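Here TrEMBL flags 727-749 as compositional bias 'Low complexity'. Annotation comment: TrEMBL describes 751-760 as compositional bias 'Basic residues'. According to TrEMBL, the feature domain 'TMC' maps to 427-542. Residues or ranges marked as region 'Disordered' by TrEMBL: 675-760. TrEMBL lists 114-133, 154-172, 187-205, 279-300, 355-375, 498-518, 547-568, 604-628 with the feature transmembrane segment.
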Amino acid sequence: MEALKEQVEEKKKLIATLRNKPWRMKRRLVLLKEAQEFVEKFEGALGKGKGRKLYAYKVMMAKKLIKFKRDFENFKTACIPWERKIKDVESHFGSSVASYFIFLRWMYGLNMVLFGLMFGLVVLPEILMGLPYGSIPRKTVPREEQETAMDFTVLNDFGGYIKYSFLFYGYFNNDRRIGLLQFRLPLSYLLVGVGIFGYSLMVVIRTMARNANEGGDGAEEGEFTFSWKMFTSWDYLIGNPETADNKYASITTSFKESIVDEQENQKDENIHLRRFLRVLANVLITCSLGGSGYLIYFVVKRSQDFAKMEKENLSWLEKNEVEFVMSLLGLVCPPLFETIAELEDYHPRIALKWQLGRIFALFLGNLYTFLFALFDEVNEQLETEKSIKNATDWAFEQYYTNYSSHYNTTDVPPLNVHPADVIRGPCWEDAVGIGFVKLIVSDMQVTYLTILIGDFARAVIVRFLNYCWCWDLEAGFPSYGEFDISGNVLGLIFNQGMIWMGAFYAPGLVGLNVLRLLSSMYYQCWAVMCCNVPHERVFKASRSNNFYMGLLLLVLFLSLLPVIYTIMTVSPSFDCGPFSGQGKMYDVIMETIEQDLPPFLANIFTYATNPGLILPAVLLMVLAIYYLNAVSKGYQNANLDLRKKMKMARDEEKNRRNNKDSTNEVMKDLEDLLPNKSLIPPPVEEEPPPDVIVDKGAKSPKIKPGAAARGVNLQKDVSLAAPNPRAPVTRAPGPRRGPPGNARGPQPGRGRGRGGHPSR
């Protein structure tokens with residue numbers, strides 16, 4: 001039984017270490033099959049008596065648990081959406097292009113959560129528990145618009161029935177509680193609108209922290225790059241020919257990436273000419289950014305003049321001039337920046353970051369210019385709302401006064417007016433929401449048309465007209481297109497920024513963005529595999545996507561500012577939206593604290609909102625951030641020092657094994673000051689040979705003259721002093737009879753060597 005148990009353990013050990021054996025695959029498979037059959041046959045027979053079945057049961061359950069864990073991991077991997085598509089893209093275009101699609105997938109997951117929050121806590125309660133369509137003016141199309149409410153041109157401008165639906169802010173009622181559940185819709189609307197930013201901030205920061213941990217694993221990237229890629233890149237579990245082709249393409253692309261990195265590291269250039277060209281490129285790009293910002297501001301101001309005119313007298317271009325110009329700038333400026341960036345001649349990865357930063361500045365300037373011009377229009381609409389509200393209040397007062405005086409009664413019935421005939425204000429929140437929805441839709445249309453015309457049609461022309469053309473269309477103009485990483489990434493980030501800003505004014509915008517991202521994944525994956533070719537300068541992406549996440553975090557912060565400004569400063573419309581009737585939007589929270597919470601909790605919130613407590617709390621957080629940052633830098637420096645020490649110890653071990661000189665610079669300097677080989681540790685003492693005379697109480701034996709072992713340097717190997725010229729060695733060493741121990745040569749003179757006492 002003991003022998004059988006030992007054989008089972010040996011077979012288990014063989015199964016566990018079979019991958020490390022330098023055997024052929026055929027031999028590995030045969031031995032693996034034999035070992036598994038042996039373990040299956042005899043492992044359950046090791047129990048004794050009644051414990052035999054229990055042991056067999058435990059072994060069976062342990063194996064089933066292992067199989068379940070493996071199958072569950074495979075299931076989790078299979079549930080990752082679009083994993084195979086992204087792997088195909090990565091194998092043919094490199095990790096830089098695949099990083100865009102990974103980022104797109106991450107954005108889709110984030111927007112799914114935001115859609116669940118907005119739809120589940122705002123839209124769905126209003127649909128199920130709120131008043132139906134046509135019951136109140138804000139949920140009814142005005143009488144003068146009903147004839148054209150279903151026209152395509154009206155619906156295309158998000159007017160008519162779309163404007164008075166749950167897609168926009170104005171549809172929601174301002175009742176504090178709705179339905180049987182007494183759901184507080186205005187409070188939920190405000191908390192969800194702000195909670196979207198809070199959740200997004202938490203997810204972005206958490207993702208950045210996880211990427212930083214994944215990127216900083218301490219691996220040595222610069223050592224033996226091509227050797228590692230040559231001998232460890234292939235996956236021997238591949239059995240599908242198509243997958244093998246993809247893996248071959250992936251390895252080839254990986255070698256190209258590493259070669260480009262090595263070439264960039266060894267580049268020698270004229271530094272003065274390069275600096276001049278880079279300054280010139282930045283001046284040209286700055287002029288382009290200023291011109292695009294002025295053009296956006298001019299177009300928005302002009303559109304406000306068009307808004308005061310009759311729509312029948314305006315052309316399609318005049319109606320959609322703002323969206324058209326912003327989309328056109330987003331289409332034209334990135335290629336222009338890329339052309340100017342050729343003057344700088346940066347490494348592809350550094351050039352990509354500069355390109356992303358410039359397009360980021362372009363989109364940010366355009367967006368904030370659009371917002372500033374839009375808030376001018378909001379101020380004009382607020383003045384119009386005030387005049388309409390005053391006129392409405394005056395009309396109601398006249399009605400009550402005339403009725404009470406005519407019928408001589410104070411019991412005046414409410415005015416019976418159909419909701420479609422009620423005079424209403426412009427509802428500036430709906431106007432802002434419609435503006436953001438138009439931007440999103442126009443950006444989506446321009447993106448898809450650009451791919452269809454600029455990539456697909458171009459690829460068709462190059463593919464089918466290359467055989468009958470005057471020059472080589474593939475190698476020359478127009479050639480196949482390359483995937484624009486920087487333009488697509490920045491477009492995705494700023495599209496998300498517009499979603500964050502516009503979701504407060506248009507709750508349906510998040511659902512629209514989910515559909516956009518879903519269609520973009522399939523459409524762009526098809527386009528990049530069908531119409532594009534890999535970049536001429538292939539490079540690998542960073543080990544983390546924190547650069548993308550950093551841009552996204554900045555856009556999130558900049559998107560939060562306009563929303564917080566409107567919540568805290570701008571008065572809401574008086575006849576639309578869940579905050580109508582309030583002085584400011586945040587008054588909903590104060591009203592809830594005063595009416596629905598106990599007095600002591602109200603006092604706590606009042607004290608917590610005191611600036612005298614907020615400012616010290618902010619100062620404390622700043623100090624905590626500074627302290628944690630300092631601690632983090634200290635840990636980073638300690639990690640670098642430990643890494644250097646580990647490398648030094650590893651090099652010392654290699655050199656000791658290969659009998660080479662030390663690579664430690666300190667030890668080299670010390671050895672230069674001392675005699676040769678003086679820092680070599682003394683050999684281990686063993687039994688002295690017969691010629692050795694040992695003194696009792698001495699630390700080292702005394703050797704007879706002429707009895708040193710062969711090949712032993714009696715002075716250089718032992719003494720730290722210089723060689724003794726008074727006692728030269730005049731005879732050959734004797735035959736080797738044993739280890740030399742700490743034998744010493746002839747005694748040095750006074751003041752030299754280690755002294756004359758034998759115990760030394």
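Glycine is treated like the rest: Cβ placed from N, Cα and C.
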Are there 3 or more C-beta pairs under 8 Å linking the transmembrane segment (604-628) with the transmembrane segment (114-133), counting only pairs at least 6 apart in sequence?
no
So which of 187-205, 279-300, 355-375, 498-518, 604-628 has the most C-beta pairs under 8 Å when paired with the transmembrane segment (154-172)?
498-518
Please give the sequence-distant neighbours of the transmembrane segment (547-568): residues at least 6 beyond its ends with Cβ less than 8 Å from one of its Cβ atoms.
99, 103, 190, 193-194, 197, 200-201, 204-205, 207-208, 211, 353, 356, 360, 364, 368, 371, 375, 489-490, 493-494, 496-498, 500-501, 504, 584-586
Where among 187-205, 355-375, 498-518, 604-628 do we find the most Cβ pairs under 8 Å to the transmembrane segment (279-300)?
355-375
For the transmembrane segment (187-205), what are the same-chain contacts with Cβ under 8 Å, counting residues 6+ beyond its ends?
110, 113-114, 117-118, 121-122, 125, 172, 176, 500, 503-504, 549, 552-553, 556, 559-560, 563, 567, 578-579, 585-586, 588-589, 592
Is it possible to list how many residues within the domain 'TMC' (427-542) are helical, extended or coil according to DSSP?
82 helix, 4 strand, 30 coil
Taking the domain 'TMC' (427-542) alone, what is its mean pLDDT?
84
